[in-house]
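K.L.:
Supplied in C-alpha cells, the structure appears directly below.
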C-alpha cells in the first residue's frame, strides 16, 4: 500500500488561509473555518444586533404617545393601556441600556399578564402595541401546547412563529413580542400534586418558564417533531417580551371567597356590595388568587406585571362599532362604497346589536358576526344592482323586516347620508 506523502494542505473555506497560518481550523461537512473568520462573524452579528436595536429604541414613543395611539384602536381600558404603555416603554429602554454595555445596575425583564373577559380587547392591545413599535409579533394559543414528548405543539414552536414573522432575521426576532392567549387553560387541574402527569397544564407552565425568563433556545426551523434531523436555530429569548392573556373564568369566585373570609367577625364590613360586577371584583386580585386558580408560583413570578380589563358595557360596544380607526361599521361602509353603494345604520339599531352581543357574552368579538349575518343578503345584492342605499333599523336587527334598499339614482337628493342616523343629543 502506497501512502501519499504530499497531502493537500487544509485551508479556511472563507479566507483561504492555511492551517499553519491560523490558531484553529474547525472542520464541518466538506468545509473549514478558522478562528479569525469566527471572530469576524461574531463582530458582524454584534454590529447587526446593535443596528437592529437602535432602529427599535430610537423610535420608541413615550408612554403618553403609546396610550394616545392605543386610544385610536381600543375603546376604554384606560388603566390597562397606561400599565401596558409604561411596561413596553421600560422594556425597550432596558434593551438600549443593556446594549450600551452598562452593568452597574441589572435590569430584569418584566413580562405582562392580561386578565379580562372574552372580547374585552386583550389580543387587540397586544397587536396594536406591536404595530406601534414596528417589531416582530406572533400569537400562540396555550390550549394547543403540550409538554415535550406528548401529542401536541412544543413551546419552541412559538419561537419558530416569531422567527417566521421576522423573516428569519434572528436579531429582529430577539427583540419581538409574543402574545400567548388562553393562558388560563394551562392552569393546574388541582391544587394538590397529582400522581398522573399534567402534560397540558402544569407541564406546559414548566416548559414555558425558561423561554419566558430568558434562555438560548434551540428552535427547529421546520417544526420540531416531523424533522428530527434538522439543524436548530439558536434564539436568545432574554429580550423577547411575553404578554399572556386569559379570561380566567371563575377567579372572581376565588377572590370573593378570600375577601369575604377575611371580613368575618368584628372586622366585617356590613356594607359589602353584593352587586359588584366581575370588573370590580378583579380589581382586588392578589397573587394567591392566581395560585389558587392553578398557576404555579414560578410561572406567576415570570409575569411581574398583572393588569385586569373591564367588562365592556353597551355604550362601549356602540363606540367600538363606530369610533376607532378600524371600527367595524366603518369597515362595512367602505365595503359598500367599493360597490357604489351606501350603508346607513340607525342608532337604535346599533343599540340592539350591542345588546345582542352582551346577551351572548362574547364582548366586542361577537359584533362582527352579528353584522355579517345582518348584511349578508344586502352585500350579495348590491354587487349586482350598484347605486343602492342600504338602511339598517332596529326592526331589521330584530329580524322583523329585511334591510331597506333604495336606489340612489331615483332619490331626489343624491347627497351622501351620515353613516349613523337618529343619534341622541
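Yeah, the Cβs are placed from backbone N, Cα and C, and that goes for glycine too.
Swiss-Prot feature annotations, pasted as is:
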| type | residues | note |
| --- | --- | --- |
| BINDING | 12, 15, 34, 37 | Zn(2+) binding site |
| BINDING | 117, 118, 119, 120, 121, 122, 123, 124 | ATP binding site |
| DOMAIN | 1-53 | domain 'ClpX-type ZB' |
K.L.:
Please report the number of other Cβ atoms within 10 Å of the Cβ of residue 15 (Zn(2+) binding site).
P.N.:
13
K.L.:
Specify the nearest of the binding-site residues 117, 118, 119, 120, 122 to residue 12 (Zn(2+) binding site), where nearness means the distance between Cα atoms.
P.N.:
122
K.L.:
What other residues of this chain sit with their CB within 8 A of the center of the CB atoms of 12, 15, 34, 37, the recorded Zn(2+) site?
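P.N.:
Neighbours within 8 Å of the Cβ centroid, excluding 12, 15, 34, 37: 13, 14, 16, 17, 22, 25, 32, 33, 35, 36, 38.
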K.L.:
Say you check the Cα of residue 37 (Zn(2+) binding site) against those of the binding-site residues 117, 118, 119, 122; which is nearest?
P.N.:
122
K.L.:
Would you mind checking how many other C-beta atoms are within 10 angstroms of the C-beta on residue 122 (ATP binding site)?
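P.N.:
I get 26 for this one.
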K.L.:
Could you check what DSSP calls residue 119 (ATP binding site) once collapsed to helix, strand or coil?
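P.N.:
Assignment for residue 119 (ATP binding site) reads coil.
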K.L.:
Across the domain 'ClpX-type ZB' (1-53), what does the pLDDT come to on average, as a whole number?
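P.N.:
Computed over the domain 'ClpX-type ZB' (1-53), the mean pLDDT is 76 on the 0 to 100 scale.
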K.L.:
Neighbours of the ATP site 117, 118, 119, 120, 121, 122, 123, 124: Cβ within 8 Å of the Cβ centroid, same chain, sequence order.
P.N.:
116, 245, 309, 363, 364, 365
K.L.:
State the Cα to Cα distance, in Å, between residue 15 (Zn(2+) binding site) and residue 123 (ATP binding site), rounded to an integer.
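P.N.:
Cα to Cα, residue 15 (Zn(2+) binding site) and residue 123 (ATP binding site) are separated by 49 Å.
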K.L.:
Would you identify which of the binding-site residues 118, 120, 123 has the most other C-beta atoms lying within 10 angstroms of its C-beta?
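P.N.:
Selected residue: 120.
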K.L.:
Around the C-beta of residue 37 (Zn(2+) binding site), how many further C-beta atoms are within 10 angstroms, looking at every protein chain?
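P.N.:
Result for residue 37 (Zn(2+) binding site): 18 neighbouring Cβ atoms inside 10 Å.
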K.L.:
What is the interatomic distance between the Cα atoms of residue 119 (ATP binding site) and residue 34 (Zn(2+) binding site), given in whole Å?
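P.N.:
Roughly 56 Å, rounded to the nearest whole number.
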